[in-house]
Structure formats: structure tokens, C-alpha cells
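> The structure under discussion is supplied below as C-alpha cells; questions concerning it will follow.
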Amino acid sequence: MMTKVGEVLLLLLLPAFVPHTDGTHYSLPGKPTEIKCRSPEKETFTCWWKPGSDGGLPTTYALYYRKEGSDVVHECPDYHTAGKNSCFFNKNNTLIWVSYNITVVATNALGKTYSDPQDIDVVYIVQPHPPEKLEVTVMKDQGWPFLRVSWEPPRKADTRSGWITLIYELRVKLEDEESEWENHAAGQQKMFNIFSLRSGGTYLIQVRCKPDHGFWSEWSSTSYVKVPEYLHREKSVWILVLVFSAFILLLLTWLIHMNSHSLKHCMLPPVPGPKIKGFDKQLLKSGKSDEVFSALVVSDFPPTTSNYEDLLVEYLEVYMPEQQELMVDKGKDHDGCLKSIGSASDSDSGRGSCDSDNLLMDKSGAPKEEQQQQNQEGDQIGKETQGPKEAWEKEAMPCANEDVVSPDASSEKVKTWPSVFSPVTPYSPLDPHNSLEMHKQHCLSNTQFPPGSPSSDHYIKEALQSSYWEVCFNNNQPYPQTEVHPQLQAHSDRNISAVNDRNAPTGLLLPTRMTEYVEVQRVNEENKVLLHPIPSGHSREKACPWVGQRDDYSKVKGVDSDNGLLLQREVVEEESMEMAGAAESCYTSSIAFTTPKQTACSPVALPVQDERVLAVSGYVDTATVFSVHT
């Protein structure tokens, strides 16, 4: 007890006497700092601290800890295993998932100094040791080298049992150059390959590791490796490639420089200047814009006073058929017609209506001369062959030059021969005889002329002088002429239609001079009524002596209000039948009725007994004969 009191007194008196003895100053030790604890494998851990000043006196350090949930303070179990200013906790003193409260105390002759307390958990303070046995090998893959790096985990890390799991990272850099490290994450594998190496370069390689929850370990020792030269054989190839590339680049540069002007014009074409006629650029530059614009503006535009009718242009459209469209085409209807002079047009195309009664084609020139020649030749032949019939032929020729058109036949087409016709004259109500001639068309029957016969022209001329005439009332055109008479037929086809059916009945009246009779001869095998005129009593025997005498004859009485032909029955003495063999010298004509069947001049007529109506007064009404079925 007395010793302890003496020690205390000594310590109290010592500071008072020490400064006076050697002139030094003493103080309490400094506070320990930077306390850290690390566990390399989660089984043991070590704590380090940094000591403070000792105060001029010998100072000792002690580590005290207290476990979580306990008030018992424990001192460090081992100050020597981990080195100076450290404390090592072995497996017996290490617990995981338990927090440790650690405090370091510095003590000297003047007193004690306590550090700040530090709480640690062994699980989160794990920092393993660096990997061991680092090896680097140069490998080749298809002639290209690469580095294969391998290592082993720290010896104290129990990675096999899974107590601790480590991940690795390595870094590589060239030795000759002061370049930065190139880091590569390797994961949990203990081998890694490095590609894209420089030929002949030396590389430095290091590896480190860390647990799932913890800190990276220190870098392992550096491993050096040199990559062999693997591009020495290709140096010449690369040199050649560079030379050729430079040559091509130089050539392209020279071509671009030589063609720079053309290229400039191609990519950047020049902007054309103003090309306005009368544009003065000097006036524009001087700022006199009014004068420039006044030179460009046209005076009196738009025109204030102008006869716009002068600007209109009238066009005259003339319809000219190709190669006489009136020529008959076999098996076809002919609708071509020319617009006659002085006739009104019924359409904007300039083509006259084919339904007008005045649209007859006016022949001139050679056709007229041909008509005159044919008429003269016909007269001569008629005089030589048919001399006894002169009186009757002269009276029959006006009828041969006329066309009988029914008022009901509005769509009838009559075939004519120009050799016996003159131009059609306009209708005049004062001249009924001329109006009748204007509206009639003569139609000769060519049934007796075989196609292509050389004497057809001669027969036609003789028939024109005959005392018989034939009228066609059908809707179909007669059979066309053969190729022997193409020119005659081309100039002779005329299409004539009645004017508005019944609008002009007076123009169709028969001549007022009722001196000519019509004899009903017979009905032939084609159902045609054969008639022949009887101008006088003595000429009738001369006209056709072979004709048999009948008990009844028909006299043209007139035309009734319905435009029907009225024939008067009359008894005449019979003539002898001795001249019956002379039938070849007479040419008969017939009034044909409308049927679908075609003949040489007109279709086969309907039965005559169905077309005639005998009136009570003794007249034969043939109005139905001339009415055409539409």
C-alpha cells in the first residue's frame, strides 16, 4: 500500500523536477488514428492503427474491444502476429455477423489518450491477399499471337468450400511506352486471354481479387512477357500497298486538278445573266428604275379599243370523199354523199344532209361529155335497130329520163345512169312537169345483161331508148355493176330520198296531159306487174307487136289525195299474136314492190293481187303499190 502511494507521489513530483533538470517539455500522448480492420478469409481478422505523439515520454498502446450485446471489455489477444501497432484476432476470437466496438488507448507517464471508437463487422471488412502464382504464356491462333494469363487464389482464402467467393481483375500495359494500364475484368475464372498485341512488344501484367462484400486486394507481383515479331514477312507487302496507294492518290489529285474547271461547271453551273431585250443594265445600276420599267412595259396593253371580231378565224371544212365514195361496194349500202353548192348544211362538220331533196351530185367535165357521147351513140343504135318504133321511143324517152319516187318512200335509194340524165333542176310549183322530172329517177333492169358481158354498155344504151321504164321502191340498193363498167357506175350512183314523206305531194303529180295509157300486160314469175305505155292507137301496134291482146287496159286517171296512182279500166280490141317471137327486141320494165329479196334492179315484189284494190267506180287503186314498208 505504501509503495503505491509512493509511486503516485513520484509521478506528481516528477513533472515539476524534470523541466528543471534537462530543459525538456513532456506531455500526454497523442490520440491514435486511422483504425482499420481486415479479414483475408472471414475466419480471422487484423486491426491496425496509426499512433499519435508520445509527449516526450515512453508510450504504450492497447486495443480494447467490446462485442455487440455485451458490456465486457476485452483487450487485444495478440499484439505481435500482425506486427507493430496491430492486433490479430484468431479464429477463437473471431465471430461473423457480430459487431465489434474497438478503442485504442495510448499511455505514458503523464496520462492516457483514447482514440475514437470504431464498429466493425467481419463480413464487411474482408480484403483478401493478392492472387498467387501468376503466369503469362504467348499463344498463337492461326499465326496470330495472343497472351494467356493464369493465376491461383490466395492460400488463406477458402474458395473451394465456398466460404468465400473471389472475383478477379487484371491490367496490362507496354513496357516501352508510358501508357496507362488497360484493365480487363476476368470474373471468377482464373485464366484470361489478351489479343491485339503489338508485334515485338513487351507487356506488364498484374492481377488482383476481391470477395463479394469487401475490398480489392493488392495487385499481385508484376509479370513481364515479350510478344514475338509476327509481321516481319508482311512488311514488304505493306510497303508495296502504301506505295501504290500513294501513287493512286497522287494520280487522282492530278486529274481533279486538271478537270477542276469542268468539274466546277458540272457541279456549280454559272448563273445566266439577264437576257431581256431592251434591258439596260447601266440604268439599273444608276438607280433609275422607273426608266428601266418604262422601257419594258408595252404601251396600250391590254388594248383599250380593239375589234375582237378581227381576232376570230373562221374555218371552212370541206368534206372530200376518197376515190369516189359513191362507188358501189359489193354487199354494202352506200351512204356517201357530197354537199351540193347552195345547199344548207345540217351539221357543224360541213357535210350536207343526205335526206335533203336537193343534194344531188352535180357532175361536170368528163362525165358530162361521156353522157353526151353515150346519148349520141344510143340514138344511132336505136335508129338502126328499132326504126319502126321511132314515134313511140321519142315519146318514151322523157319518161326514161325521169325518176319516179313514192312520197312514202322517204328512205328509198334509186340507182341511175348519168348517160341519160341532166342536172336536176330545183322544184317549182309553177312547172309541175319539170317538178315531176326532178323527183324521178330512172332505173333500168340489168337482169338480161350477164355480169362482165362486153355488150352490156350497148344494151344499156338500147334500153335507154326503149319505150318501157322500171321504178324501184325497195329499201335495198340494186345489184352493183360488174367491173366492165366501173367508171360508168361510179358516176351514175345517186342516192335520193323523198322530202319529209308527204310534205310535197304536188311535186310528185303525174303530168296533166293525160294522153298516155299504161297497159297491164301480165304478172311474171317474179311477181312483178309488167306495164307498157300506149301513146296512141296506131303506135301501140308498132311499139311491141309481140304483146298479146287483153280485154282490159288501164288508163292513167290521176293521183288521189293519198298520192295513189289511179288506173282506169278500158276495153281494147285484141291484136294478133303472130309477132310473139319478137320478144327479144323489146325490153320490159316493171314496177317492183318492196321485199327483202334482191334482183338485178329491184327485189321480188309481193303478189300483185295482195297489193291492188279495185274500187267500186271501176278504177284500180294502186296506192298500196307505191307505199313502201318501213
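Glycine residues also receive a Cβ, built from the backbone N, Cα and C atoms like all the rest.
Note that the structure is a prediction, hence the values are computed from the model and not measured.
What Swiss-Prot records for this protein is below:
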type     : residues       : note
BINDING  : Asp212, His213 : Zn(2+) binding site
COMPBIAS : 340-357        : compositional bias 'Low complexity'
DOMAIN   : 31-128         : domain 'Fibronectin type-III 1'
DOMAIN   : 130-230        : domain 'Fibronectin type-III 2'
CARBOHYD : Asn92          : N-linked glycosylation site
CARBOHYD : Asn101         : N-linked glycosylation site
MOTIF    : 267-275        : motif 'Box 1 motif'
SIGNAL   : 1-23           : signal peptide
TOPO_DOM : 259-630        : topological domain 'Cytoplasmic'
> Can you tell me whether DSSP puts His213 (Zn(2+) binding site) in helix, strand or coil?
coil
> Average the per-residue pLDDT over the domain 'Fibronectin type-III 1' (31-128) and send me the rounded value.
91
> Can you grab the distance from Asn101 (N-linked glycosylation site) over to Asn92 (N-linked glycosylation site)? Cα atoms, rounded to a whole Å.
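Counting only the Cα atoms, the answer is 17 Å.
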> Could you tell me the C-alpha distance between Asp212 (Zn(2+) binding site) and Asn92 (N-linked glycosylation site) in angstrom, no decimals?
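Rounded to a whole number, the Cα-Cα distance is 24 Å.
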> DSSP on the domain 'Fibronectin type-III 2' (130-230): how many residues come out helix, how many strand, how many coil?
0 helix, 52 strand, 49 coil
> Taking the Cα atoms as reference points, how far is His213 (Zn(2+) binding site) from Asn92 (N-linked glycosylation site) in Å?
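Checking the Cα atoms of His213 (Zn(2+) binding site) and Asn92 (N-linked glycosylation site) gives a distance of 22 Å.
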> Would you list the DSSP helix, strand and coil counts for the residues of the domain 'Fibronectin type-III 1' (31-128)?
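The breakdown for the domain 'Fibronectin type-III 1' (31-128) reads 4 helix, 45 strand, 49 coil.
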> Determine the Cβ neighbour count for Asp212 (Zn(2+) binding site): the number of other Cβ atoms within 10 Å of its Cβ.
10
